[in-house]
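Read through the structure below, which is laid out as structure tokens, and then see the notes.
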């Protein structure tokens with residue numbers, strides 16, 4: 001493949017322009033993004049404090065929820081500070097290696113989030129379909145093993161995409177990234193070389209991780225609903241549904257936004273760039289923002305301990 005003369009060889013710095021077409025109002029867009037970030041950090045930190053300090057919450061569901069909270073804080077922190085630096089302080093520069101690190105962190109934490117949502121759905125499946133066996137199945141050892149498997153899976157699957165960019169792509173059309181954070185496809189599209197391997201691997205990871213988790217979560221809830229509808233008493237059915245409603249809300253908003261962003265980036269050439277970038281940013285910020293609010297409002301045990309912390 002011939003390389004055009006108008007290319008940059010291994011740029012040391014990329015330029016993140018933010019949201020193309022909305023540069024004049026980015027300072028205002030940064031306000032709700034900052035509010036969501038602060039809410040996400042404070043809400044998830046409060047959730048972690050409650051789970052850690054209350055022995056009655058040291059159950060698999062709440063332990064997985066705590067892991068999800070840590071992931072949400074890390075995911076939003078890997079994005080928002082730099083984003084606000086672009087919006088408010090006009091600092092678009094980011095070193096090449098820092099950009100790759102941010103890309104790796106974002107996609108790794110996304111895989112963490114998907115994995116912990118799957119773990120929580122499996123916990124609900126066993127608790128509702130096989131309640132007498134739940135304590136013997138979801139032992140502390142199994143919870144630790146699941147957490148290790150989620151971490152290892154994300155690291156193994158995401159790292160090759162970073163390596164492919166770092167050591168295979170050397171020539172770039174431009175140093176300007178039309179985005180407000182370093183995302184895999186946003187970087188790959190800048191390359192002046194053959195990027196078919198990068199695109200194929202990105203699709204492979206998306207469908208292997210998120211696709212697999214989505215199928216398993218859906219199947220687990222089909223089994224849960226089948227079991228719940230067979231319960232003879234209405235009160236028992238409502239109680240079983242109530243234990244799942246928060247997870248269903250979180251699961252739906254995460255995957256709906258994720259797949260819209262994923263397909264828009266690859267196949268939505270007719271979608272204006274600012275709409276796509278706004279949605280992809282919201283997709284990464286809304287789950288950390290909503291998760292503690294949803295679980296705090298819909299989970300009775302957490303709600304009770306929040307009231308204890310703020311009796312007034």
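Just so you know, glycine gets a Cβ as well, placed from its N, Cα and C.
Taken verbatim from TrEMBL:
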- 5-22: transmembrane segment (TRANSMEM)
- 28-50: transmembrane segment (TRANSMEM)
- 43-295: domain 'G-protein coupled receptors family 1 profile' (DOMAIN)
- 62-89: transmembrane segment (TRANSMEM)
- 101-122: transmembrane segment (TRANSMEM)
- 142-165: transmembrane segment (TRANSMEM)
- 200-222: transmembrane segment (TRANSMEM)
- 243-263: transmembrane segment (TRANSMEM)
- 275-295: transmembrane segment (TRANSMEM)
Field: Non-local residues, at least 6 beyond the ends, that sit with Cβ under 8 Å of the transmembrane segment (275-295)
entry: 19-20, 22, 29, 33, 36-37, 39-40, 43-44, 46-47, 65, 68-69, 72-73, 75-76, 79-80, 83, 106, 110, 113, 178-181, 183, 246, 249-250, 253-254, 257-258, 260-261, 264-265, 268, 302
- request: Can you tell me which of 28-50, 142-165, 200-222 gets the most C-beta pairs within less than 8 Å of the transmembrane segment (101-122)?
  value: 142-165
Field: Chain residues in Cβ proximity to the transmembrane segment (243-263) (below 8 Å; excluding those fewer than six residues from its ends, i.e. six or more beyond)
entry: 110, 113-114, 117, 120-121, 124, 127-128, 206, 210, 214, 217, 221, 224, 276, 279-280, 282-283, 286-287, 290-291, 294-295, 297-299
- prompt: Quick one: do the transmembrane segment (5-22) and the transmembrane segment (62-89) reach 3+ CB pairs under 8 Å, ignoring pairs fewer than 6 apart in sequence?
  reply: yes
- prompt: Which residues of the same chain, at least 6 past either end of the transmembrane segment (200-222), have a Cβ under 8 Å from a Cβ in it?
  reply: 107, 110-111, 114-115, 117-118, 121-122, 124-125, 153-154, 157-158, 160-161, 164, 184-185, 188, 244, 248, 251, 255, 258-259, 262, 266
